[in-house]
Structure formats: structure tokens, C-alpha cells
Ligand code: C5P
């Protein structure tokens, strides 16, 4: 028996960040949009907890207890009063440490996969609260589509999206540590009053109307100056995308992945090509949004898929 779950990456079309809280986190108005760039996580019964990863960035994924997918399986097993006897295989396509919630995505996918594999039928609110304990972005990876995240980003309110938005994502060399980017944000704000974060009504209207020009005029990421301060080379990538005709160019979350909003799918393809040719990024690829959250895409009832002939996945 194995369960395969597909889970999307995200881009923050608005990331308004407040002053640091006593617990070290920052209050946010975080407008999440799930994008059609996916990891898949396959859960198979095993003796103990095993983790394997494939994909271009696989070598950068930690395989120890710090891996969020492993922590998700352990948290669910503990709640169910059972052991986490599972092999989690992550087929990784979302950039690692890129500001696209790749680790959070794997955690949400592992949770859904283990829940199905172990036949737990855990209520959605309980899954969401386990997600929130694992990390601020994990609940959104579970629900996908578009949502406003408040608190530290974990309190979600679904948002309406009236069309398809076409994006290009440029991967940078190396990653950026999210805590380091928030620390840099605090440093850059020193001596200034940081206003309470609020979602932009114009941006929410642009999403509702599915209007890329209106969205481009309103996207805003308060972490962008901090990400650029830690990785100044990102400015050249942003400029190359703008020059190639992007309606908007911004750092995705805490970076260093950069996101470019395009007028339509052909424009996105042209921008991706120009970015790749510009030599200012490691790679560039297109993706559309919104995209569904963590979803079971395969259930293989065979006990050991290595010893039986290949069969089509169901579902
Ligand atoms: O919640 P998560 O573990 O993903 O957060 C990683 C780090 O990002 C936190 O330890 C904190 O430094 C920073 N963070 C923050 N405020 C948030 C979310 C994350 O300061 N709202």
C-alpha cells in the first residue's frame, strides 16, 4: 500500500510585516497564492521512519529530525498513539530554501499521506492545527488556492481568485535563511515605527477580478529590501525580468527565488527564456496560479511495488 500526495509551492503577492513580537515572530498580513509548481510525497509502510528525496535540489534537503515532513509524520503518529512506521519519499521540484514554502509543502503533504495510509481520517481542523505547530506557512500548503494569513501567517481566510495568473520563477544560487531575512528586516527598520500589517483592499480586488495589471500594481513584499540586502545580486535578476516585459517583479517570500507576473502564458514563456539567457539566475520556469492544496493523487494497493508489475495509479 502506498499513498502519493501532490502539493504546490506558494508566492506571497503581499507580505506586510509588523514589528517583532515578544515571542520573536512577526505579525503578518500575508496574501498567499498557491502556484502550479509541485512536490510529491509518497508514504509507504516501513520499519521505523525513513526519508528519501529525489530532484535537482535533493542534496540540500536535510534528512535528519529537522526535516519538516519527518516532523509532520511524527506529530501525527504521536497524536494517533502509534509509531511513525513509514517511508516518506519526496520527489522535489520546488526550490529548496527559496521562499516558496517547499519545506512547508512537504510537511503538509506528509501529513495528508500518513493520515490516509494509517486510515486515521483526522478532522481537517486538527490537521490544520498540527500544520500550524510545524510552521507558519504549513497550514496554507494544506489548503492551497489563495488565502490571507494573519497572526504569524497561520490564521487563514480563503480568498476569491477570478482568473488564472501566469508567473515566472527564477531560482537563485544558494538559499536564504528565513530567520536571517526577518532579522535583517528588523535591522533595516531600527529607529522607525513599523505600522501594523494590513491587507491591501486594492490587491484583494485585483485577485478577485483576476486582473494581472491591477495585481502587478499592488504586489508588495516587505521582506524584499532585507532579501536584497543579504543577496544584492537579486536586483539584477529583478531588472532582467522587468526588461523582458514582466508586469511585476518581486522577491518570493523571504527569497532568494524571484517571481515575475506576466500578462498571459505566451508572455510568461518569453520572460522565462529571456531570464534564462540573461545569466542572472540559475534557472527560470513558468507556473500558473491558483493551484489546489495538498491532494492525494495516487493510491497503490499493492503491498510491495518493487516486486509486482507496474500498475496505473488510481485517483
Ligand atoms: O514558522 P516558521 O518556523 O516557518 O518560521 C521560521 C522563522 O521565520 C521563525 O523562526 C522566525 O524567525 C521567522 N518568522 C517570523 N515571523 C513570522 C513567520 C516566521 O519572524 N510570522
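Keep in mind that glycine also has a Cβ here, set from the backbone N, Cα and C atoms.
In sequence order, 32, 33, 34, 35, 100, 101, 105, 137, 140, 141, 253 make up the list of same-chain residues 6 or more apart from residue 10 (active site) whose Cβ falls under 8 Å from its Cβ. Per TrEMBL, the feature active site maps to 10 (among others).
Residues annotated as active site in TrEMBL: 137 (among others). According to DSSP, residue 137 (active site) is assigned to coil rather than to any helix or strand.
DSSP assigns residue 101 (ATP binding site) to coil in the three-state reduction, outside any helix or strand. Annotated ATP binding site per TrEMBL: 95, 96, 97, 98, 99, 100, 101, 102, 103, 104, 105, in sequence order.
Residues or ranges marked as compositional bias 'Basic and acidic residues' by TrEMBL: 302-315.
Residues or ranges marked as domain 'GHMP kinase N-terminal' by TrEMBL: 67-144.
Annotated domain 'GHMP kinase C-terminal' per TrEMBL: 203-278, in sequence order.
Look at TrEMBL and you will find 286-315 tagged as region 'Disordered'.
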Response to the item:
CB neighbours within 10 A of residue 103 (ATP binding site), counting all protein chains shown, number 27
Response to the item:
Counting other C-beta atoms within 10 angstroms, the emptiest spot among the binding-site residues 97, 101 is 97
Worksheet item: With the ATP site defined by 95, 96, 97, 98, 99, 100, 101, 102, 103, 104, 105, which remaining residues of that chain have Cβ atoms positioned within 8 Å of the Cβ centroid?
Response: 9, 94, 257
Fill in: Least Cβ-crowded entry, counting other Cβ within 10 Å, from the binding-site residues listed as 95, 99
95
